[in-house]
Amino acid sequence: MPPRRNPQRPTRDVIIEDLQQEIQQLQERLARFEHQETKGVQEEEEEVNPFHQDLHSEDEERRNAPSRARHPSDDSGVKVELPKFDGRLDPDEFVNWLHTVDRIVDFKEIPPDRVVKLVAIKLKKIASLWWENLKRNRDREGKSKIVTWVKMKKELKRKYLPERYRQDLFLKLHHLQQNQLTVEEYIAEFE
């Protein structure tokens with residue numbers, strides 16, 4: 001029989017005590033479940049692979065093997081890839097692609113000396129042809145290779161953003177009026 005509660009104790013204390021007991025019970029159940037799971041997995045491994053090596057020897061092999069230097073962001077558990085760009089002449093799509101690449105490069109902390117090569121891999125169709133042609137022309141003219149993302153972006157913008165793009169956006173913003181539009185429609189209009 002559970003102990004009697006003091007009727008004068010505040011209800012909040014009673015609720016907290018009950019919750020603590022439930023948490024304790026759940027933790028015990030979880031521990032039992034995890035123990036059963038690991039035991040079951042070990043039994044399955046033994047049945048499936050009779051030649052399985054001892055786990056301790058595998059750990060030793062991993063420690064003694066030459067380790068590859070890993071970048072901290074490699075362990076984030078989030079798979080993020082650079083998007084492809086095919087060279088279509090839609091300035092808004094191009095600007096969105098550039099911003100996405102910038103965010104991914106920042107998130108993955110890609111070393112500056114690798115960004116140009118990685119982005120070049122993601123150029124497809126017309127954009128890929130343009131990039132190869134640009135590299136050939138620069139080589140022929142005796143100019144240095146493009147090795148920074150800043151310089152590559154500058155060349156990409158020169159190719160894929162019309163000269164009047166910024167001015168057109170400014171004019172569009174300047175003449176934008178909400179009129180009878182909802183806020184959502186107004187935002188969509190500007191985008």
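A Cβ is built for glycine as well, from the same backbone N, Cα and C atoms used for every other residue.
Copied from TrEMBL, the annotated features are:
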type	residues	note
REGION	30-79	region 'Disordered'
COMPBIAS	30-42	compositional bias 'Basic and acidic residues'
COMPBIAS	53-64	compositional bias 'Basic and acidic residues'
DOMAIN	117-191	domain 'Retrotransposon gag'
Secondary structure content of the domain 'Retrotransposon gag' (117-191), with strand meaning DSSP E or B: 52 helix, 1 strand, 22 coil
Taken over the domain 'Retrotransposon gag' (117-191), the model's mean pLDDT: 84
